[in-house]
(Lines of atoms letter the chains of each structure in order from A and count residues from 1; the text may use other names and numbers.)
(Lines give C-alpha, C1' and ligand atoms only; values in the text may rest on other atoms or scores of the structure.)
Protein backbone atom coordinates (compact mmCIF):
# COMPACT_ATOMS: atom_id res chain seq x y z
CA UNK A 1 0.00 0.00 0.00
CA UNK A 2 1.29 3.46 -0.91
CA UNK A 3 2.22 5.64 2.06
CA UNK A 4 1.90 9.43 2.01
CA UNK A 5 4.02 12.19 3.53
CA UNK A 6 2.45 15.65 3.39
CA UNK A 7 4.85 18.61 3.47
CA UNK A 8 3.44 22.01 4.43
CA UNK A 9 4.96 25.40 5.15
CA UNK A 10 4.28 28.15 7.65
CA UNK A 11 5.16 31.71 8.70
CA UNK A 12 6.56 32.85 5.32
CA UNK A 13 6.93 31.48 1.81
CA UNK A 14 10.18 30.59 0.00
CA UNK A 15 11.56 28.59 2.92
CA UNK A 16 12.55 25.70 0.66
CA UNK A 17 9.69 23.21 0.94
CA UNK A 18 10.63 21.84 -2.46
CA UNK A 19 14.24 21.21 -1.45
CA UNK A 20 13.14 19.70 1.88
CA UNK A 21 10.64 17.38 0.18
CA UNK A 22 13.15 16.38 -2.51
CA UNK A 23 15.83 15.75 0.12
CA UNK A 24 13.54 13.48 2.12
CA UNK A 25 12.66 11.65 -1.10
CA UNK A 26 16.35 11.20 -1.90
CA UNK A 27 17.07 9.71 1.53
CA UNK A 28 14.11 7.33 1.32
CA UNK A 29 15.19 6.30 -2.18
CA UNK A 30 18.66 5.53 -0.83
CA UNK A 31 16.96 3.16 1.61
CA UNK A 32 15.60 1.16 -1.32
CA UNK A 33 12.10 2.63 -1.47
CA UNK A 34 10.38 3.68 -4.69
CA UNK A 35 9.39 7.30 -4.19
CA UNK A 36 7.56 10.02 -6.09
CA UNK A 37 6.75 13.65 -5.31
CA UNK A 38 3.57 15.61 -6.01
CA UNK A 39 3.24 19.40 -5.93
CA UNK A 40 -0.12 21.05 -5.14
CA UNK A 41 -0.31 24.72 -6.12
CA UNK A 42 -3.20 26.76 -4.66
CA UNK A 43 -3.29 29.47 -7.35
CA UNK A 44 -6.23 29.61 -9.79
CA UNK A 45 -4.15 29.47 -12.97
CA UNK A 46 -4.72 26.17 -14.75
CA UNK A 47 -0.93 25.83 -15.03
CA UNK A 48 2.03 28.23 -14.76
CA UNK A 49 2.50 28.36 -18.54
CA UNK A 50 1.19 31.91 -18.96
CA UNK A 51 2.58 33.31 -15.70
CA UNK A 52 5.39 35.87 -15.67
CA UNK A 53 8.78 34.49 -14.60
CA UNK A 54 8.96 37.42 -12.18
CA UNK A 55 5.78 36.11 -10.51
CA UNK A 56 6.42 32.39 -10.64
CA UNK A 57 10.00 31.69 -11.66
CA UNK A 58 10.82 28.99 -14.16
CA UNK A 59 8.21 26.81 -15.84
CA UNK A 60 9.52 23.23 -15.73
CA UNK A 61 8.47 21.00 -18.64
CA UNK A 62 8.02 17.25 -18.15
CA UNK A 63 8.61 14.51 -20.73
CA UNK A 64 4.87 14.25 -21.40
CA UNK A 65 4.59 17.97 -22.08
CA UNK A 66 3.16 19.38 -18.85
CA UNK A 67 4.06 22.95 -17.89
CA UNK A 68 4.70 22.69 -14.17
CA UNK A 69 6.12 24.32 -11.07
CA UNK A 70 9.90 24.72 -10.83
CA UNK A 71 9.94 22.43 -7.78
CA UNK A 72 9.45 19.49 -10.15
CA UNK A 73 12.89 20.32 -11.48
CA UNK A 74 14.31 19.84 -7.98
CA UNK A 75 12.43 16.56 -7.71
CA UNK A 76 13.93 15.19 -10.93
CA UNK A 77 17.42 16.31 -9.97
CA UNK A 78 17.22 14.68 -6.53
CA UNK A 79 15.58 11.32 -7.31
CA UNK A 80 15.43 8.88 -10.24
CA UNK A 81 11.64 8.99 -10.72
CA UNK A 82 10.70 11.12 -13.74
CA UNK A 83 7.88 13.57 -13.18
CA UNK A 84 4.70 13.52 -15.26
CA UNK A 85 1.60 15.64 -15.77
CA UNK A 86 0.04 13.91 -12.75
CA UNK A 87 2.79 15.15 -10.41
CA UNK A 88 1.63 18.76 -10.35
CA UNK A 89 -1.82 20.32 -10.23
CA UNK A 90 -3.37 23.64 -9.30
CA UNK A 91 -6.59 25.00 -7.84
CA UNK A 92 -7.37 26.15 -11.37
CA UNK A 93 -7.26 22.56 -12.66
CA UNK A 94 -9.32 21.30 -9.74
CA UNK A 95 -12.09 23.89 -10.06
CA UNK A 96 -12.10 23.58 -13.86
CA UNK A 97 -12.63 19.83 -13.62
CA UNK A 98 -15.31 20.17 -10.93
CA UNK A 99 -17.22 22.73 -13.01
CA UNK A 100 -16.97 20.57 -16.14
CA UNK A 101 -18.45 17.66 -14.17
CA UNK A 102 -21.23 19.91 -12.90
CA UNK A 103 -22.07 21.00 -16.46
CA UNK A 104 -22.20 17.36 -17.57
CA UNK A 105 -24.54 16.54 -14.72
CA UNK A 106 -22.11 14.16 -13.03
CA UNK A 107 -23.21 15.38 -9.58
CA UNK A 108 -26.84 14.43 -10.25
CA UNK A 109 -28.30 17.78 -9.33
CA UNK A 110 -26.51 18.19 -6.00
CA UNK A 111 -25.34 21.55 -4.71
CA UNK A 112 -21.64 21.65 -5.65
CA UNK A 113 -19.54 22.78 -2.69
CA UNK A 114 -15.90 23.07 -1.61
CA UNK A 115 -16.61 20.24 0.82
CA UNK A 116 -17.06 17.52 -0.32
CA UNK A 117 -16.76 18.05 -4.09
CA UNK A 118 -13.57 20.13 -4.35
CA UNK A 119 -11.82 18.28 -1.52
CA UNK A 120 -12.76 14.91 -3.03
CA UNK A 121 -11.39 16.06 -6.38
CA UNK A 122 -8.10 17.06 -4.73
CA UNK A 123 -7.82 13.63 -3.14
CA UNK A 124 -8.37 11.94 -6.51
CA UNK A 125 -5.64 14.06 -8.08
CA UNK A 126 -3.25 13.20 -5.24
CA UNK A 127 -3.95 9.49 -5.58
CA UNK A 128 -3.44 9.58 -9.34
CA UNK A 129 -0.07 11.23 -8.84
CA UNK A 130 0.84 8.38 -6.49
CA UNK A 131 -0.13 5.75 -9.05
CA UNK A 132 -3.57 4.99 -7.62
CA UNK A 133 -6.03 5.34 -10.49
CA UNK A 134 -9.77 5.84 -10.10
CA UNK A 135 -10.66 3.85 -13.26
CA UNK A 136 -12.52 6.89 -14.57
CA UNK A 137 -12.12 9.11 -17.59
CA UNK A 138 -9.97 11.44 -15.49
CA UNK A 139 -7.21 8.81 -15.41
CA UNK A 140 -6.69 9.18 -19.15
CA UNK A 141 -7.25 12.94 -19.06
CA UNK A 142 -4.71 13.76 -16.36
CA UNK A 143 -2.53 10.66 -16.36
CA UNK A 144 -1.66 8.25 -13.57
CA UNK A 145 1.79 7.95 -12.05
CA UNK A 146 3.73 4.74 -11.53
CA UNK A 147 2.90 2.79 -8.32
CA UNK A 148 5.30 3.72 -5.51
CA UNK A 149 6.08 2.88 -1.90
CA UNK A 150 5.97 6.49 -0.69
CA UNK A 151 4.41 9.59 -2.23
CA UNK A 152 5.63 12.89 -0.80
CA UNK A 153 3.03 15.60 -1.34
CA UNK A 154 4.18 19.22 -1.13
CA UNK A 155 1.38 21.72 -0.55
CA UNK A 156 2.29 25.13 -1.93
CA UNK A 157 1.65 28.38 -0.15
CA UNK A 158 1.64 29.07 3.57
CA UNK A 159 -0.64 27.64 6.26
CA UNK A 160 -3.21 30.33 7.00
CA UNK A 161 -3.64 31.42 3.38
CA UNK A 162 -7.26 31.25 2.22
CA UNK A 163 -6.24 29.52 -1.03
CA UNK A 164 -4.56 26.64 0.82
CA UNK A 165 -7.51 25.71 3.03
CA UNK A 166 -9.24 23.27 0.61
CA UNK A 167 -5.93 21.45 0.09
CA UNK A 168 -5.24 21.14 3.80
CA UNK A 169 -8.78 19.94 4.44
CA UNK A 170 -8.43 17.41 1.62
CA UNK A 171 -5.20 15.90 2.96
CA UNK A 172 -6.65 15.89 6.49
CA UNK A 173 -9.55 13.81 5.21
CA UNK A 174 -7.20 11.57 3.22
CA UNK A 175 -5.04 10.91 6.28
CA UNK A 176 -8.15 9.99 8.28
CA UNK A 177 -9.28 7.53 5.60
CA UNK A 178 -5.87 5.92 5.25
CA UNK A 179 -5.01 5.67 8.93
CA UNK A 180 -2.12 6.93 11.07
CA UNK A 181 0.42 4.33 9.90
CA UNK A 182 -0.03 5.29 6.26
CA UNK A 183 0.35 9.07 6.49
CA UNK A 184 2.77 11.54 8.06
CA UNK A 185 2.84 15.33 8.25
CA UNK A 186 6.06 17.34 7.96
CA UNK A 187 5.75 21.08 8.56
CA UNK A 188 8.44 23.52 7.48
CA UNK A 189 8.55 26.64 9.59
CA UNK A 190 10.73 29.69 10.17
CA UNK A 191 12.62 30.61 13.32
CA UNK A 192 13.91 34.18 12.86
CA UNK A 193 17.00 35.57 14.56
CA UNK A 194 16.35 39.05 15.97
CA UNK A 195 19.69 40.84 15.86
CA UNK A 196 18.66 43.58 18.30
CA UNK A 197 17.71 40.98 20.91
CA UNK A 198 20.49 38.59 19.95
CA UNK A 199 18.20 35.55 20.03
CA UNK A 200 16.07 33.19 17.97
CA UNK A 201 12.31 33.65 18.29
CA UNK A 202 10.05 30.58 18.39
CA UNK A 203 6.70 32.36 18.65
CA UNK A 204 5.98 32.35 14.86
CA UNK A 205 6.51 28.58 14.83
CA UNK A 206 4.18 28.12 17.79
CA UNK A 207 1.50 30.13 15.99
CA UNK A 208 1.78 28.33 12.66
CA UNK A 209 1.45 24.93 14.35
CA UNK A 210 -1.51 26.25 16.32
CA UNK A 211 -3.10 27.24 13.00
CA UNK A 212 -2.54 23.72 11.65
CA UNK A 213 -4.07 22.15 14.73
CA UNK A 214 -7.14 24.37 14.33
CA UNK A 215 -7.53 22.83 10.87
CA UNK A 216 -7.26 19.38 12.42
CA UNK A 217 -3.67 18.50 11.51
CA UNK A 218 -1.00 17.68 14.08
CA UNK A 219 2.49 17.73 12.52
CA UNK A 220 4.67 14.69 13.20
CA UNK A 221 7.88 16.54 12.34
CA UNK A 222 8.87 20.21 12.33
CA UNK A 223 11.66 21.36 10.04
CA UNK A 224 12.78 24.62 11.61
CA UNK A 225 14.49 26.94 9.13
CA UNK A 226 16.94 29.49 10.45
CA UNK A 227 20.16 31.15 9.42
CA UNK A 228 22.00 29.09 12.06
CA UNK A 229 21.63 25.78 13.93
CA UNK A 230 18.88 25.97 16.55
CA UNK A 231 20.13 25.25 20.11
CA UNK A 232 18.56 22.39 22.09
CA UNK A 233 17.01 24.86 24.53
CA UNK A 234 14.97 26.45 21.74
CA UNK A 235 14.09 23.06 20.27
CA UNK A 236 12.75 21.96 23.67
CA UNK A 237 10.63 25.10 23.84
CA UNK A 238 9.23 24.46 20.35
CA UNK A 239 8.50 20.84 21.27
CA UNK A 240 6.64 21.85 24.43
CA UNK A 241 4.38 24.42 22.77
CA UNK A 242 3.66 22.52 19.53
CA UNK A 243 3.08 19.04 20.94
CA UNK A 244 5.77 17.61 18.64
CA UNK A 245 8.26 15.18 20.17
CA UNK A 246 11.71 16.70 20.75
CA UNK A 247 13.39 14.35 18.27
CA UNK A 248 10.81 15.54 15.72
CA UNK A 249 11.96 19.16 16.00
CA UNK A 250 14.71 19.32 13.38
CA UNK A 251 17.04 22.24 12.80
CA UNK A 252 17.52 23.19 9.15
CA UNK A 253 20.04 25.98 8.81
CA UNK A 254 21.26 27.83 5.72
CA UNK A 255 23.64 25.76 3.61
CA UNK A 256 26.04 26.97 0.92
CA UNK A 257 24.78 24.25 -1.44
CA UNK A 258 21.39 22.53 -1.58
CA UNK A 259 23.16 19.19 -1.98
CA UNK A 260 24.09 19.28 1.72
CA UNK A 261 20.46 19.18 2.83
CA UNK A 262 19.89 15.38 2.52
CA UNK A 263 22.84 14.70 4.84
CA UNK A 264 21.68 17.43 7.25
CA UNK A 265 18.20 15.91 7.55
CA UNK A 266 19.45 12.32 7.73
CA UNK A 267 21.89 13.04 10.56
CA UNK A 268 19.00 14.40 12.63
CA UNK A 269 16.95 11.27 12.01
CA UNK A 270 14.21 12.55 9.71
CA UNK A 271 14.08 9.47 7.51
CA UNK A 272 14.14 7.14 10.52
CA UNK A 273 11.18 8.96 12.09
CA UNK A 274 9.20 8.80 8.84
CA UNK A 275 9.92 5.09 8.39
CA UNK A 276 8.86 4.37 11.97
CA UNK A 277 5.66 6.41 11.60
CA UNK A 278 4.78 4.65 8.34
CA UNK A 279 5.96 1.24 9.60
CA UNK A 280 8.42 0.78 6.75
CA UNK A 281 11.20 -1.78 7.12
CA UNK A 282 14.11 -0.78 4.90
CA UNK A 283 17.85 -1.05 4.58
CA UNK A 284 19.95 1.78 6.11
CA UNK A 285 20.27 4.99 4.14
CA UNK A 286 23.37 5.32 1.97
CA UNK A 287 24.23 8.93 1.17
CA UNK A 288 27.78 8.32 -0.03
CA UNK A 289 27.08 9.68 -3.50
CA UNK A 290 25.72 12.87 -1.97
CA UNK A 291 28.90 13.18 0.08
CA UNK A 292 30.99 12.76 -3.08
CA UNK A 293 28.88 15.36 -4.85
CA UNK A 294 29.33 17.91 -2.05
CA UNK A 295 33.08 17.25 -2.08
CA UNK A 296 33.19 17.99 -5.82
CA UNK A 297 31.19 21.20 -5.32
CA UNK A 298 33.42 22.40 -2.49
CA UNK A 299 36.78 21.54 -4.07
CA UNK A 300 36.80 22.64 -7.73
CA UNK A 301 40.13 22.62 -9.54
CA UNK A 302 39.26 25.37 -12.01
CA UNK A 303 36.87 28.29 -12.30
CA UNK A 304 35.09 29.99 -15.20
CA UNK A 305 32.44 32.67 -15.63
CA UNK A 306 29.50 32.49 -18.04
CA UNK A 307 27.59 35.56 -19.23
CA UNK A 308 23.85 34.88 -19.37
CA UNK A 309 22.15 37.56 -21.45
CA UNK A 310 18.46 37.64 -20.58
CA UNK A 311 15.66 39.91 -19.41
CA UNK A 312 14.54 38.04 -16.28
CA UNK A 313 17.90 38.58 -14.59
CA UNK A 314 16.43 40.13 -11.44
CA UNK A 315 15.03 36.74 -10.36
CA UNK A 316 17.45 33.82 -10.65
CA UNK A 317 14.55 31.37 -10.20
CA UNK A 318 13.56 32.31 -13.76
CA UNK A 319 16.51 30.22 -14.96
CA UNK A 320 16.68 27.68 -12.13
CA UNK A 321 17.17 24.50 -14.19
CA UNK A 322 19.59 26.27 -16.52
CA UNK A 323 21.72 27.49 -13.63
CA UNK A 324 21.80 23.99 -12.18
CA UNK A 325 22.66 22.40 -15.55
CA UNK A 326 25.66 24.70 -15.94
CA UNK A 327 26.85 23.84 -12.44
CA UNK A 328 26.32 20.12 -13.10
CA UNK A 329 28.51 20.38 -16.19
CA UNK A 330 31.10 22.19 -14.11
CA UNK A 331 31.08 19.31 -11.64
CA UNK A 332 31.76 16.89 -14.51
CA UNK A 333 34.87 18.94 -15.34
CA UNK A 334 35.90 19.58 -11.70
CA UNK A 335 35.23 23.28 -12.26
CA UNK A 336 33.26 25.99 -10.51
CA UNK A 337 30.89 27.75 -12.90
CA UNK A 338 30.06 31.33 -12.00
CA UNK A 339 27.04 32.82 -13.75
CA UNK A 340 26.89 36.56 -14.31
CA UNK A 341 23.57 37.91 -15.52
CA UNK A 342 23.67 40.56 -18.23
CA UNK A 343 20.47 42.55 -18.72
CA UNK A 344 19.79 42.28 -22.44
CA UNK A 345 17.82 45.55 -22.35
CA UNK A 346 21.04 47.43 -21.61
CA UNK A 347 23.21 45.55 -24.12
CA UNK A 348 24.01 47.53 -27.29
CA UNK A 349 26.75 47.42 -29.94
CA UNK A 350 28.46 50.19 -27.98
CA UNK A 351 28.41 48.27 -24.68
CA UNK A 352 29.03 44.78 -26.12
CA UNK A 353 32.72 45.02 -25.28
CA UNK A 354 31.88 44.16 -21.68
CA UNK A 355 31.28 40.58 -22.88
CA UNK A 356 34.97 40.13 -23.73
CA UNK A 357 35.87 39.20 -20.15
CA UNK A 358 33.63 36.14 -20.10
CA UNK A 359 34.65 32.57 -20.86
CA UNK A 360 31.38 31.83 -22.68
CA UNK A 361 28.08 33.51 -23.55
CA UNK A 362 24.61 32.03 -23.19
CA UNK A 363 21.25 33.39 -24.35
CA UNK A 364 18.38 31.53 -22.62
CA UNK A 365 14.75 31.08 -23.60
CA UNK A 366 12.16 33.80 -23.23
CA UNK A 367 9.15 35.49 -24.78
CA UNK A 368 8.31 38.94 -26.07
CA UNK A 369 10.12 41.76 -27.85
CA UNK A 370 11.61 43.48 -24.82
CA UNK A 371 15.39 43.03 -24.70
CA UNK A 372 15.55 41.11 -27.98
CA UNK A 373 18.03 43.41 -29.74
CA UNK A 374 20.43 43.06 -26.81
CA UNK A 375 20.30 39.28 -27.15
CA UNK A 376 21.07 39.61 -30.86
CA UNK A 377 24.07 41.77 -29.95
CA UNK A 378 25.29 39.05 -27.55
CA UNK A 379 25.02 36.39 -30.28
CA UNK A 380 26.85 38.61 -32.75
CA UNK A 381 29.65 39.43 -30.32
CA UNK A 382 30.18 35.75 -29.48
CA UNK A 383 30.26 34.83 -33.18
CA UNK A 384 32.66 37.58 -34.20
CA UNK A 385 35.06 37.12 -31.28
CA UNK A 386 35.25 33.33 -31.10
CA UNK A 387 33.64 33.11 -27.65
CA UNK A 388 31.76 29.82 -26.99
CA UNK A 389 28.05 30.48 -27.50
CA UNK A 390 24.99 28.48 -26.52
CA UNK A 391 21.54 29.70 -27.52
CA UNK A 392 18.57 27.91 -25.99
CA UNK A 393 15.09 28.17 -27.56
CA UNK A 394 14.84 31.94 -28.14
CA UNK A 395 18.65 31.92 -27.94
CA UNK A 396 18.75 29.79 -31.10
CA UNK A 397 16.25 32.07 -32.78
CA UNK A 398 18.25 35.24 -32.07
CA UNK A 399 21.42 33.52 -33.34
CA UNK A 400 19.53 32.72 -36.55
CA UNK A 401 18.24 36.29 -36.85
CA UNK A 402 21.72 37.69 -36.24
CA UNK A 403 23.28 35.41 -38.84
CA UNK A 404 20.59 36.25 -41.37
CA UNK A 405 21.14 39.98 -40.91
CA UNK A 406 24.92 40.08 -40.92
CA UNK A 407 26.06 37.05 -42.95
CA UNK A 408 23.17 36.05 -45.25
CA UNK A 409 22.44 39.57 -46.47
CA UNK A 410 18.87 39.59 -45.15
CA UNK A 411 18.68 43.14 -43.80
CA UNK A 412 15.82 43.61 -41.37
CA UNK A 413 15.52 39.86 -40.68
CA UNK A 414 13.40 39.19 -37.61
CA UNK A 415 10.81 36.94 -36.01
CA UNK A 416 7.10 37.38 -36.63
CA UNK A 417 6.77 37.34 -32.83
CA UNK A 418 8.51 40.73 -32.70
CA UNK A 419 7.75 42.13 -36.17
CA UNK A 420 4.70 40.50 -37.81
CA UNK A 421 5.15 42.35 -41.11
CA UNK A 422 8.94 42.42 -41.36
CA UNK A 423 10.72 41.99 -44.71
CA UNK A 424 12.46 38.73 -43.81
CA UNK A 425 10.61 36.58 -41.21
CA UNK A 426 13.39 34.04 -40.68
CA UNK A 427 11.57 32.92 -37.50
CA UNK A 428 7.83 32.22 -37.79
CA UNK A 429 4.90 30.63 -35.95
CA UNK A 430 4.66 26.84 -36.20
CA UNK A 431 1.23 25.95 -37.58
CA UNK A 432 1.45 22.14 -37.41
CA UNK A 433 3.54 19.42 -35.78
CA UNK A 434 3.36 15.82 -34.62
CA UNK A 435 3.73 15.09 -30.91
CA UNK A 436 5.64 12.11 -29.53
CA UNK A 437 2.37 10.18 -29.11
CA UNK A 438 1.63 10.52 -32.82
CA UNK A 439 -1.12 13.14 -32.51
CA UNK A 440 -1.11 16.05 -34.96
CA UNK A 441 -1.27 19.51 -33.37
CA UNK A 442 -2.40 22.59 -35.29
CA UNK A 443 -2.13 26.23 -34.23
CA UNK A 444 -2.60 29.69 -35.65
CA UNK A 445 -2.19 33.28 -34.52
CA UNK A 446 -5.63 33.23 -32.87
CA UNK A 447 -4.95 30.20 -30.64
CA UNK A 448 -5.03 30.66 -26.86
CA UNK A 449 -1.68 31.37 -25.21
CA UNK A 450 -2.10 28.76 -22.48
CA UNK A 451 -1.24 25.15 -23.25
CA UNK A 452 -0.85 25.66 -27.00
CA UNK A 453 2.91 25.49 -27.46
CA UNK A 454 4.98 22.63 -28.84
CA UNK A 455 5.65 20.89 -25.54
CA UNK A 456 7.44 17.89 -24.09
CA UNK A 457 9.81 15.32 -25.54
CA UNK A 458 10.33 15.55 -29.31
CA UNK A 459 12.90 13.75 -31.47
CA UNK A 460 14.90 14.83 -34.50
CA UNK A 461 17.65 13.48 -36.76
CA UNK A 462 21.19 14.77 -36.31
CA UNK A 463 23.46 15.50 -39.27
CA UNK A 464 26.63 13.41 -39.41
CA UNK A 465 29.95 15.21 -39.14
CA UNK A 466 28.60 18.01 -36.95
CA UNK A 467 29.31 19.07 -33.40
CA UNK A 468 25.72 18.12 -32.64
CA UNK A 469 26.45 14.57 -33.80
CA UNK A 470 29.53 14.41 -31.55
CA UNK A 471 27.29 15.32 -28.62
CA UNK A 472 24.08 13.40 -29.36
CA UNK A 473 24.75 10.76 -31.99
CA UNK A 474 22.17 10.06 -34.73
CA UNK A 475 19.02 11.15 -32.87
CA UNK A 476 18.34 13.85 -30.28
CA UNK A 477 15.30 13.66 -27.98
CA UNK A 478 14.78 16.69 -25.76
CA UNK A 479 11.96 18.64 -24.14
CA UNK A 480 10.44 21.61 -25.92
CA UNK A 481 8.43 24.71 -25.03
CA UNK A 482 7.97 27.07 -27.95
CA UNK A 483 5.55 28.25 -30.63
CA UNK A 484 8.03 29.84 -33.06
CA UNK A 485 10.59 28.11 -35.28
CA UNK A 486 13.12 28.79 -38.03
CA UNK A 487 11.21 29.59 -41.22
CA UNK A 488 11.80 26.78 -43.74
CA UNK A 489 11.68 29.26 -46.64
CA UNK A 490 14.97 30.78 -45.49
CA UNK A 491 16.92 27.67 -44.51
CA UNK A 492 18.70 27.25 -47.84
CA UNK A 493 19.72 30.91 -47.89
CA UNK A 494 21.14 30.58 -44.38
CA UNK A 495 22.97 27.36 -45.22
CA UNK A 496 24.46 28.92 -48.35
CA UNK A 497 25.82 31.67 -46.10
CA UNK A 498 27.55 29.08 -43.89
CA UNK A 499 25.08 28.30 -41.10
CA UNK A 500 24.85 24.55 -40.41
CA UNK A 501 21.39 23.07 -39.74
CA UNK A 502 22.61 20.15 -37.64
CA UNK A 503 19.32 18.64 -36.39
CA UNK A 504 15.90 18.62 -38.05
CA UNK A 505 12.61 16.77 -37.52
CA UNK A 506 11.66 14.11 -40.06
CA UNK A 507 8.01 14.94 -40.68
CA UNK A 508 7.75 18.73 -40.45
CA UNK A 509 11.41 19.59 -41.21
CA UNK A 510 11.54 21.83 -38.14
CA UNK A 511 15.01 23.11 -37.29
CA UNK A 512 16.14 21.81 -33.90
CA UNK A 513 19.85 22.71 -33.85
CA UNK A 514 22.08 25.16 -35.69
CA UNK A 515 25.83 25.61 -35.43
CA UNK A 516 28.89 27.09 -37.07
CA UNK A 517 31.63 24.84 -38.50
CA UNK A 518 34.66 24.33 -36.26
CA UNK A 519 36.78 25.93 -38.99
CA UNK A 520 34.86 29.17 -38.46
CA UNK A 521 34.17 29.16 -34.71
CA UNK A 522 35.41 26.92 -31.86
CA UNK A 523 31.92 26.33 -30.35
CA UNK A 524 28.76 28.05 -31.53
CA UNK A 525 25.48 26.15 -31.09
CA UNK A 526 21.80 27.04 -30.94
CA UNK A 527 19.11 24.57 -29.87
CA UNK A 528 15.35 24.99 -30.13
CA UNK A 529 14.74 22.69 -27.16
CA UNK A 530 15.47 22.97 -23.43
CA UNK A 531 18.27 20.53 -22.54
CA UNK A 532 18.50 21.92 -19.00
CA UNK A 533 15.39 20.00 -17.99
CA UNK A 534 17.21 16.66 -18.32
CA UNK A 535 20.43 17.54 -16.50
CA UNK A 536 21.21 15.89 -13.14
CA UNK A 537 24.04 16.44 -10.65
CA UNK A 538 25.13 12.82 -11.18
CA UNK A 539 25.39 12.65 -14.95
CA UNK A 540 25.23 16.27 -16.05
CA UNK A 541 24.15 16.65 -19.68
CA UNK A 542 26.27 16.03 -22.79
CA UNK A 543 25.45 19.38 -24.43
CA UNK A 544 26.33 21.41 -21.34
CA UNK A 545 29.40 19.26 -20.72
CA UNK A 546 30.67 20.06 -24.22
CA UNK A 547 29.84 23.74 -23.75
CA UNK A 548 31.70 24.00 -20.45
CA UNK A 549 34.69 22.15 -21.96
CA UNK A 550 34.81 24.82 -24.68
CA UNK A 551 34.52 27.56 -22.04
CA UNK A 552 37.45 26.05 -20.13
CA UNK A 553 39.54 26.01 -23.32
CA UNK A 554 38.64 29.64 -24.01
CA UNK A 555 39.53 30.56 -20.42
CA UNK A 556 42.93 28.87 -20.78
CA UNK A 557 43.54 30.75 -24.04
CA UNK A 558 42.68 34.08 -22.40
CA UNK A 559 45.04 33.36 -19.53
CA UNK A 560 47.81 32.44 -21.97
CA UNK A 561 47.30 35.72 -23.85
CA UNK A 562 47.41 37.69 -20.61
CA UNK A 563 50.60 35.98 -19.39
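Including glycine, each Cβ sits where the backbone N, Cα and C put it.
Annotation source Swiss-Prot lists region 'Amidoligase domain' at 1-280, citing sequence analysis.
Using a 10 Å radius centred on the Cβ of residue 203 (CTP binding site) and all shown protein chains, the other Cβ atoms total 12. The CTP binding site annotation in Swiss-Prot covers 13, 161, 162, 163, 201, 202, 203, 204, 205, 206, 237, and the record cites sequence analysis as its basis.
Secondary structure at residue 13 (CTP binding site), as computed by DSSP, is coil. Feature annotation from Swiss-Prot assigns UTP binding site to 13, 201, 202, 203, 204, 205, 206, 237.
Every protein chain shown contributes to the tally, and the Cβ of residue 16 (ATP binding site) ends up with 20 other Cβ atoms within 10 Å. Per Swiss-Prot, ATP binding site is recorded for 14, 15, 16, 17, 18, 19, 71.
Residues or ranges marked as Mg(2+) binding site by Swiss-Prot on the basis of sequence analysis: 71, 154. Long-range Cβ contacts of residue 154 (Mg(2+) binding site) within its own chain (separation 6+, distance under 8 Å): 7, 17, 18, 21, 37, 38, 39, 40, 71. Under the DSSP three-state reduction, residue 154 (Mg(2+) binding site) is assigned to strand.
Averaged across the domain 'Glutamine amidotransferase type-1' (305-557), the predicted model reaches a pLDDT of 90. Marked as domain 'Glutamine amidotransferase type-1' by Swiss-Prot: 305-557.
Residues or ranges marked as L-glutamine binding site in Swiss-Prot: 366, 394, 395, 396, 397, 417, 483. Other Cβ atoms within 10 Å of the Cβ of residue 394 (L-glutamine binding site), summed over all protein chains shown, number 25.
Listed in sequence order, 364, 365, 366, 481, 482, 527, 528, 529, 530 are the same-chain residues six or more apart from residue 393 (active site, nucleophile) with CB atoms under 8 A from its CB. The active site, nucleophile feature in Swiss-Prot is assigned to 393; the stated evidence is sequence analysis.
Annotated active site per Swiss-Prot: 530 (among others), in sequence order. The Cβ neighbour count for residue 530 (active site), using a 10 Å radius and every protein chain shown, is 23. According to its DSSP assignment, residue 530 (active site) is coil.
What Swiss-Prot lists as active site is 532 (among others).
For the recorded ATP site, residues 14, 15, 16, 17, 18, 19, 71 set the reference point as the centre of their Cβ atoms, and the other residues of that chain within 8 Å of it by Cβ are 9, 20, 21, 74, 154, 188. DSSP assigns residue 202 (UTP binding site) to coil in the three-state reduction, placing it in neither a helix nor a strand.
Looking only at other Cβ atoms within 10 Å, the busiest spot among the binding-site residues 17, 201 turns out to be 17.
Here the binding-site residues are 13, 14, 202, 206, 397, and the one ringed by the most other CB atoms within 10 angstroms is 397. Residue 204 (UTP binding site) is surrounded by 15 other CB atoms, counting those within 10 A of its CB over all protein chains shown.
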